[in-house]
Amino acid sequence: MTILTHTLGFPRVGLRRELKKAQESYWAGNATREELLAVGRELRARHWQQQKQAGIDLLPVGDFAWYDHVLTTSLLLGNVPARHQNNDGSVDIDTLFRIGRGRAPTGEPAAAAEMTKWFNTNYHYMVPEFSKGQQFRLTWTQLLEEVDEALALGHKIKPVLLGPVTYLWLGKVKGEPFDRLTLLKDILPVYQHVLAELAKRGIEWVQIDEPALVLELPQAWLDAFKLAYDALAGQVKLLLTTYFEGVTPNLNTIIALPVQGLHVDLIHGKDDVSELHQRLPADWLLSAGLINGRNVWRADLPEKYAQINDIVGKRALWVSSSCSLLHSPIDLSVETRLDAEVKSWFAFALQKCGELALLRDALNSGDTAAVTEWSAPIQARRHSTRVHNVGVEKRLAAITAQDSQRENPYEVRAEAQRARFKLPAWPTTTIGSFPQTTEIRGLRLDFKKGNLDANHYRTGIAEHIRQAIIEQERLGLDVLVHGEAERNDMVEYFGEHLDGFVFTQNGWVQSYGSRCVKPPVVIGDISRPAPITVEWAKYAQSLTDKPVKGMLTGPVTILCWSFPREDVTRETIAKQIALALRDEVADLEAAGIGIIQIDEPALREGLPLRRSDWDAYLAWGVEAFRINAAAAKDETQIHTHMCYCEFNDIMDSIAALDADVITIETSRSDMELLESFEAFDYPNEIGPGVYDIHSPNVPSVEWIEALLKKAAQRIPAQRLWVNPDCGLKTRGWPETRAALANMVKAAHNLRQAE
C-alpha cells in the first residue's frame, strides 16, 4: 500500500499578503469585485501548484476563504443574519463582508457577527447565529466553483468541508433560547446536496473537519455524530478530520461512524499510533498528522519515521500536517535576512510540504538517508549558545511565592490610587493604540530600511505622540495613552527588544479577515537587555498633567502570539518573559508613570482544549502575570486588557490576576460578558468596552449610554470605567474622533445624572 501526502489546508493570504491588499482595496472602493475575485483565483492556482511541486499528492480545495472558513460555511448553508440579508434573499461576497465588518445592505451600520478564537489558536472566526425554526439551503457555491477550478487545472484534489456537528458547536443561539443541536437535522440535507455535487464531479475523498471531536463533549453532542454521519454516508469517501488534540477519549464514538478514514493530530495529541491501528476498523485509512502545522520548527524526521513505521504496509496510510498550514508562514526561502544558523532550524508551509514528501519517500522505500540529513540542524541546535542563557535560568529557578505578591490587597491599593489620581466617576480612557496612519507606517518603514536616520525617526515619532496627547486632551479623556506610534505590533515590538527572539521579513499569518500578523519566534532563553517603553512613556507624560498609561504586553500573550520553542515548556517561556517585563514595570514606575497596563488578551485562548487540563495552565498563567505586575507599589495602578473572551469558566483566575482595573471586550455581546463578573462578585474595577473597534461604525451617545446603564445594573457604577473594546490601531482618525467624542459625552451625561 503506497503512502500518500496531503495537507489539511494552506495559507491563503499570499506570500506578499496579496489577499489582504485586494480585500482592503475592494472595501475602499478602489477595486472592482471582478478584480478581487481574480486575485483569489490567482492565489489558489499558485498555492495548488506550489504544494504539488513540493511533493503533495492530494491537494486541499475549499480551504480558501474570503474572511474565515466558518463564515464561508455559514453562507454555504444560507445562514445569514436578517440584518445583513439582501432583500431578495440572495447571497454574494458583499453579504459575507457585511457579516464580518458590520453593515446592512443599505450601507447603514448593522452589528457585525461576534468574533472569537478558533479553538486555542490565534486565528479568529465569525460566530454563527442560530434561531428557533431556522431554515437552511445551499446558497453559496464557492466550494463547488473552486473544485471546478482545481479539476480544470488537472490537479488530484481532496475537497475540505467544516463538519456539521462542529459547525453547530461553534455557534450561538440568538433570540428565544433553544438547543441548537436540534438544527442538525435541518442542515444535513445541505451537506448531502454538497456531497452529491462533489460525487458528480468524480471526487473520491472529502476531508470533513470535526475538530470538536477532540473536546470533552456532552453525551448528546457525541451521539449527534452518529446521526450526522449515518445521513452523510455513501456518496463519497469521508476522511473524518480532527486536530489540536488527540482523539483517544472519544475513539469509541469515532469508530462507530460510517466513514472511510480518520485524520489525527500526532503533534498536539497524545494518541498512540499502535493503539489507533489496533482499534480503527481494518479497512479505514489513517491520516497521520506528523508535521506541526502551528509552528515554524524543522521536523525531526527520523523521529517521525520511527513513530509511524511499525504500521506501514498494515493499513492504508497517508502522512499530513497536524492541522491546516494556515497557521504557518508560507515560504522560508524568501527570508534573506535570517542568520544562516537560525534559518536552518526552521520550516514554513512549503518546507513542511517538502518534509511530508521526504517522510513519504522514506516510509515507502525504507531508505532513511534523506530524512536523517534533513534533520541534522536539529541536533546542532540542542547545543547552541544562542539557545541557553545561564543567568536567565538561574533567575527563574530562584523565584519565590513573594515574587508574585503585590505589597497590599486591592482595597488598600485602591485607596492609595484614588488619593493619587482623583479621577471622576465613569473615568474615560482608551486601550492603548491610536490609528496607524500611512505617515506613521511610512516613518517606521523608512527607518527600518535605513532611509531615515535615528534622529529624524525619533523626531517624527515624538510628534505623533504629541499629537495623540493633544487629541485626547481635546476630547476630554481622563486617562491618556501615548498612542503606540513606534509599535508595529503589540507582540513583535516587545520581541524586538528582548533577547531570545528572532523576526522574519515575510512570516505573515492570517488572524482574521484581512488582518495578518508576523509572530516573532522564541529561539532561546529570554531577557531584557535595556528598558523598552520607558522613554516614550516618560515623554508623553511630560506633555500633560493627566495620567498617561504605560503600555506592556503581558507574558502569556507574548507567548501565545509567538512561535514558541519546543524544547522547554510553555510555562518556562512565560515566566522568563514575566521576569523581563517585571523590570520594565519597575523602570516605568521610577520614571513617574503611575498607571501601567499589562495586556493579556490571550490568557483564555491559551487554555488547553480539555477542561481537565485547565487548572495547571491557569496556575502558571496567573503566576506569570503576577510576577510581571508585583514590582509595582500600592499607589501604582495596574490595568489589564482582555478580548474575545468567555469569562464564566475562568473567573477565579481572572480575579487571581489581582489587576486593579480590567478592561474587556463586551460590545458585540451586548454586555452579556459582564454576567460572569456579576455572578462572581468581582471585587476590582472593570472597563466594559462600549463600542466595537473592529467595525468602522461610529456609536451614538445614546447607544453608549444604554450599554453603560446596562453595565451598571451588574457592576456598581463606582467601579466602572468607560473605554472602547480594544485598541484603535486599525481605525481611521475621523471615526476615532467621532466615536471617542460620543464616548466621553456619554460618560459626562451619566456623571451629571448622578
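Each residue, glycine too, has its Cβ placed from N, Cα and C.
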Swiss-Prot 5-methyltetrahydropteroyltri-L-glutamate site partner of ARG17, GLU18, LEU19, LYS20, LYS117, ARG515, CYS516, GLU605, selected from TRP48, TRP140, TRP169, TRP561: TRP561
ILE431, GLY432, SER433, GLU484 bind L-methionine per Swiss-Prot; candidate in ASP300, ASP310, ASP599, ASP613 listed for that same site: ASP599
Listed in Swiss-Prot for the Zn(2+) site shared with HIS641, CYS643, CYS726, one of GLU623, GLU665, GLU705, GLU735: GLU665
GLY432 (L-homocysteine binding site) and LEU19 (5-methyltetrahydropteroyltri-L-glutamate binding site), Cα-Cα, nearest whole angstrom: 28
Candidate with the highest Cβ count within 10 Å, taken from the recorded positions ARG17, HIS694: HIS694
For GLU484 (L-homocysteine binding site), the one of GLU605, GLU665, HIS694, CYS726 that lies nearest, given that the recorded positions are compared by Cα: CYS726
Winner by Cβ contact number (other Cβ atoms within 10 Å) across the binding-site residues LYS117, HIS641: HIS641
Cβ-based isolation winner (fewest other Cβ atoms within 10 Å) among the binding-site residues LEU19, CYS516: CYS516
Where the record names ILE431, GLY432, SER433, GLU484, ASP599 as binding L-homocysteine, the maximum Cα to Cα distance in Å: 14
Rounded distance in angstrom between the Cα atoms of ASP599 (L-homocysteine binding site) and HIS694 (active site, proton donor): 18
